[in-house]
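Straight from Swiss-Prot, the features:
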COMPBIAS  134-146  compositional bias 'Polar residues'
COMPBIAS  832-845  compositional bias 'Low complexity'
COMPBIAS  957-967  compositional bias 'Basic and acidic residues'
DOMAIN    687-763  domain 'PDZ'
MOD_RES   Thr64  phosphothreonine
MOD_RES   Ser67  phosphoserine
MOD_RES   Ser182  phosphoserine
MOD_RES   Ser304  phosphoserine
MOD_RES   Ser314  phosphoserine
MOD_RES   Ser817  phosphoserine
MOD_RES   Ser839  phosphoserine
MOD_RES   Ser912  phosphoserine
REGION    1-87  region 'Disordered'
REGION    132-153  region 'Disordered'
REGION    830-903  region 'Disordered'
REGION    946-980  region 'Disordered'
Amino acid sequence: MPMWAGGVGSPRRGMAPASTDDLFARKLRQPARPPLTPHTFEPRPVRGPLLRSGSDAGEARPPTPASPRARAHSHEEASRPAATSTRLFTDPLALLGLPAEEPEPAFPPVLEPRWFAHYDVQSLLFDWAPRSQGMGSHSEASSGTLASAEDQAASSDLLHGAPGFVCELGGEGELGLGGPASPPVPPALPNAAVSILEEPQNRTSAYSLEHADLGAGYYRKYFYGKEHQNFFGMDESLGPVAVSLRREEKEGSGGGTLHSYRVIVRTTQLRTLRGTISEDALPPGPPRGLSPRKLLEHVAPQLSPSCLRLGSASPKVPRTLLTLDEQVLSFQRKVGILYCRAGQGSEEEMYNNQEAGPAFMQFLTLLGDVVRLKGFESYRAQLDTKTDSTGTHSLYTTYQDHEIMFHVSTMLPYTPNNQQQLLRKRHIGNDIVTIVFQEPGSKPFCPTTIRSHFQHVFLVVRAHTPCTPHTTYRVAVSRTQDTPAFGPALPAGGGPFAANADFRAFLLAKALNGEQAAGHARQFHAMATRTRQQYLQDLATNEVTTTSLDSASRFGLPSLGGRRRAAPRGPGAELQAAGSLVWGVRAAPGARVAAGAQASGPEGIEVPCLLGISAEALVLVAPRDGRVVFNCACRDVLAWTFSEQQLDLYHGRGEAITLRFDGSPGQAVGEVVARLQLVSRGCETRELALPRDGQGRLGFEVDAEGFVTHVERFTFAETAGLRPGARLLRVCGQTLPSLRPEAAAQLLRSAPKVCVTVLPPDESGRPRRSFSELYTLSLQEPSRRGAPDPVQDEVQGVTLLPTTKQLLHLCLQDGGSPPGPGDLAEERTEFLHSQNSLSPRSSLSDEAPVLPNTTPDLLLATTAKPSVPSADSETPLTQDRPGSPSGSEDKGNPAPELRASFLPRTLSLRNSISRIMSEAGSGTLEDEWQAISEIASTCNTILESLSREGQPIPESGDPKGTPKSDAEPEPGNLSEKVSHLESMLRKLQEDLQKEKADRAALEEEVRSLRHNNRRLQAESESAATRLLLASKQLGSPTADLA
């Protein structure tokens, strides 16, 4: 059951029935007896360092007076809130002891100004609410989810549950929109790893780093070292604030310049407003730009302009702002490691292990490198590198640009007479993440055995069959209740993991993500807020001038006044911003129910979210707990279906989400559709109702992926507009990925009237695929990792002669081809033209964000090498279908005709034919021309395959894997690459036609020569006969004539 606040299964809090004289009602509403408060030896703080969130989605709850850190020496429990609000007596459900009906979730508010383009996710969550009395807002800190009783009581042979802690034993998945889901596969990012929205955030490793505020480098990238203005002050409601402004300009179409403003607003909350607003979205101003006051009145109307003063020109100011913004960024981490022998389980037993056993040493060797501390110059994590007072050696490693120093219990100094081993606990007890290594036979670990307020995450690792070639490990995780979940997700049962580099990467990523996630806990959130407030107060007090915001307006913002300003881009120009534009929506998974039916279950729950769409990504952020609940790249958007206040968005493999909008009907939906047309390659779907004919047939065929492979002529399907290459997204109201192929086939066979949502093919008739699908197809091509295979002997029943196969082999692999574009860059499939030639892209001006070419080559990824032909088995080329001479293609198993179709490289076809003919001296002229005819048939097969279906074409790669020279020209984008392929195919057809014409001319010339030869031979014989007769008549000897 999903853990959304206000959803089904979420108890209503903060409401209490009004007082009444009804004894039955009073008895029914009598609260449970409060638990007894035991004595504790710990001092009771005024505000506990670790306060839990108040709902499944991080809803704020009044702080409990008791410390939630329940350890072995303190058994106190969190008390109930002292006061609750009232509920009306007329609520009948309350009288029966049933939960009250939850109100419909409200649409989250969107920050003004409307067209401010946010740089990252945390900027979307920036709040102008006045600062709280304590150190930071509770809702901002409580990004973790409240653990249920089942999570706290979950136990295994590795880990025991405890109050105040969440246990992860494996199989939990990633919590997203609609509940837990399987972890995403590359190139998709986990929700917790999404940070920057304005720029592409590529997944470079199998395990992503999560909960990192990568947008903290915004000031360093766009302000530091560049001309800008800083303003500091003390706002009455917000406290100390720091504002940075910079005006940017870039070339526009027609030679003009386009201006925008980059803005950073910092308050005492840890979230910072970062982003850009176009000058077209602002009121008209002078050529040198708006004044800082006018700009802030529009961007930050909640900020009091009178409190701001211009920052000083001291070099300390930008350095302090860098430190302030990047305090959350750290690439040096320390992790503790405790050693638990067989039969052990308590803290004292683990700290008092003097020497490491063989299994522990095997684990340490896998995890990192043992380094000598004395003289060690890298990150030392508070260890002594001069006098060896903290041990002589330690464990050190690097992972994804992070330095990690491990505090290993057996490598730290051992004190014989100290049972608590304070010299060891002084380091490990201050580590946020602790790895507990268990030998086989260890007792289950319980987090309450560790007495520390800093250790928030425990990674329990147990070895199985250690010190053998078959060593494996299992992993369990225990985290404090206010620490949000983090990845990588554990497999079911926590393993097993083989002792290899993949397990090392998994464990290191888990440790880094755990420490980053623990930063959202109350204790560390309060510490970071105090530090931030001190920096802001210092800037507002000591680093300001007497120049007010009004006085600074006459200086203007930096601009090159000599350039001509571009003409306004008209309505909708603000939609072309590279950053993320925001709308308030209610989102739900896209499993559509029948009209009039009531949605139920996890997929029927609507979650209030902020919808952010940038030039690179689309995200849904739950503002209540500050989590990204859904994300996808804009290149993965397939299509959308919209009405006045609802939009169904299809992405990836055809999955769908439903978004509902507030406000004027059609306004927000129109803005979102216009934005999607600019930043994605998707299009609008079509809804078709397809009746059956008299024989009960629908008149079309689809494959397992939902692509229409054949539409019969003069059927209802053809009349409705269904065409080959279209893609079914919904069948009878259900998304295709949510249906098994058998279930989808049953619906198509049995439904009286089939209603389908169709994604039409592109303008060339090719089916549309998302980038993730293309990436997955590239990973599924085993031939890309090996040597190229020989050409198959048959293509559609045509037997190739040896000279023909030699020609194809030379065209494919000959390294002596003349110079030209790179080998791999020339091989392109026409079906990928659908990813680049959509009509909505034509409306995008030059200033619109363009997807950078930072991803693997899609065309190479979908081009497979030929496979080795099997001598004893052959795959049928096509499957028979009614009314068609050729069958539909199986997408899961590409037809051999595609695997045997090859595109020649830069080697000229005419030169190849001439060279082969010169070498094939034993063959007759007719055999040589027959070989050329077979080549023409093969090339026609290629063209027919491309025009009939958009399947990936087998890649004819270089067997030697020779890298492409940088000096060789290469098409710049997909459209150029596809155009290059089309021109190459046209040239191939022209060469074939010319060769046929040359053959016909040559045959005609041969026939003429033979005719002339026979005529000359006859004339010669006739002349010889006449000469013989003449010589006889003259008396000449015949021997001379003979």
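For all residues, glycine too, the Cβ spot is worked out from N, Cα and C.
All features noted in Swiss-Prot, drawn onto the structure.
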{"residue": "Ser182", "record": "phosphoserine", "DSSP (3 states)": "coil"}
{"residue": "Ser304", "record": "phosphoserine", "DSSP (3 states)": "coil"}
{"residue": "Ser314", "record": "phosphoserine", "DSSP (3 states)": "coil"}
Cβ neighbours within 10 Å, counted over all protein chains: which one of the modified residues Ser182, Ser304, Ser314 has the most?
Ser304
Could you break down the residues of the domain 'PDZ' (687-763) into DSSP helix, strand and coil, giving a count for each?
18 helix, 27 strand, 32 coil
Mean pLDDT for the domain 'PDZ' (687-763), as a whole number?
89
Roughly how many Å lie between the Cα atoms of Ser304 (phosphoserine) and Ser314 (phosphoserine), rounded to a whole value?
25
Quick check for the class: what is the C-alpha distance, in angstrom and rounded, between Ser314 (phosphoserine) and Ser182 (phosphoserine)?
51
